[in-house]
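> According to TrEMBL, the protein has these features:
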- 79, 84, 161, 166: Zn(2+) binding site (BINDING)
């Protein structure tokens, strides 16, 4: 959410995805920002009374894309073909890219290349009105939840890469509070609606448990 970053001018990795002002989704986003501002993240992620689950997940997915976009945008100079020749999250986890359309067989590539593929792919999904309808009354497709789960699963990998490979740079830039708050919000959200398989979260399991225990 924008309040995490204040009014600083932050470069984003990809163009920010805007939700049209005046739309119902924009109102939902404002509601989410207001409840996030209260500091209770567990309450902030809950489905507001009377709202559509798909729409709530859509609005938050767009917001997480924008947050990760900003966070990765701050450390792109440290994430290079040389420093990150593979897309990894520590020594035990390596990711190969495939989108099922342009690249069907998973390919091994550098982290900046992988994240570029990933964020471009997510952007294409968010811009597709048949998947993420922005107009009132246009229904979400039957496969919406499975698309949203795939997007969130892949966005998690960017957090995992930043934490494992670039946390020193994040600390040098004094961005760790933004990163931690953003990631905590993300994790509470995906846990609330069971959107990412626990095995996929393994690279950051210790951190997830720590963030959760502080909130109990």
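Every residue, even glycine, has its Cβ placed from backbone N, Cα and C.
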> Just to confirm: which same-chain residues, 6+ apart in sequence, have a Cβ under 8 Å from the Cβ of residue 84 (Zn(2+) binding site)?
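Sequence-distant Cβ neighbours: 110, 111, 112, 161, 165.
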> Within 8 Å of the Cβ centre of 79, 84, 161, 166, which other residues of the chain have their Cβ, at the recorded Zn(2+) site?
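Nearby residues not in the site list: 75, 78, 83, 111, 112, 115, 162, 165.
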> Would you mind checking how many other C-beta atoms are within 10 angstroms of the C-beta on residue 166 (Zn(2+) binding site)?
24
> Run through the Cβ atoms and count how many others sit within 10 Å of the one on residue 79 (Zn(2+) binding site).
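For residue 79 (Zn(2+) binding site), the count of other Cβ atoms within 10 Å is 21.
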> Would you count the other CB atoms within 10 A of the CB of residue 161 (Zn(2+) binding site), including those on all shown protein chains?
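Its Cβ shell of radius 10 Å holds 25 other Cβ atoms.
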